[in-house]
Amino acid sequence: MRHALECLDGWLDRLCHWLEQVCAVLLALACLVLLVEIVLRALFGHALLWANEFARYAVMWMVMLGSVVLAQRGGHITISVLTEGRLWLQRLSQLVAAGLCAWLAVVSVRFLLLIAPFEQVTPTLALPTVLIYSVFLLAFALMAVCFAGRALLLAKEV
């Protein structure tokens with residue numbers, strides 16, 4: 001069991017390294033697009049109609065994917081005074097977070113199934129909204145796995 005958990009942890013670490021790169025690219029692209037938008041508007045009186053929408057969705061994806069990285073690395077906010085030195089409380093908080101994220105993943109599936117039949121697209125980029133909002137399912141499912149894995153690894157430290 002310990003070996004399987006360590007393999008999962010290693011796989012999640014590699015995934016998070018890749019997700020960090022994706023987040024960096026999304027941030028750079030959002031900043032670049034908004035900078036170009038500002039320059040075009042200020043100097044030429046021309047606007048990129050899709051710039052704000054692109055930046056909005058890029059930041060949304062960056063935040064959600066970055067949350068997965070933080071979940072894997074134990075970087076989410078905790079009240080360390082309560083959990084420091086109390087391994088059982090650390091495990092419990094990880095399990096509660098895993099359960100909450102799993103529930104949010106289920107809610108995300110229900111939401112995606114609800115909006116899918118409408119085949120809506122975003123106003124200026126014409127991207128399917130199901131694709132845009134699928135990041136919630138992806139991120140919450142991965143965070144649930146990360147939190148559960150951390151709880152199980154903490155259980156093995158006893």
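Glycine is no exception: its Cβ is also placed from the backbone N, Cα and C atoms.
Look at TrEMBL and you will find 21-42, 54-71, 92-118, 130-153 tagged as transmembrane segment. Annotated domain 'Tripartite ATP-independent periplasmic transporters DctQ component' per TrEMBL: 31-154, in sequence order.
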- Model confidence over the domain 'Tripartite ATP-independent periplasmic transporters DctQ component' (31-154), averaged pLDDT: 93
- Between the transmembrane segment (130-153) and the transmembrane segment (21-42), are there at least three Cβ pairs closer than 8 Å, leaving out pairs fewer than 6 positions apart? no
- Task: Go ahead and report the DSSP secondary structure tallies for the domain 'Tripartite ATP-independent periplasmic transporters DctQ component' (31-154): helix first, then strand, then coil.
- Result: 99 helix, 2 strand, 23 coil
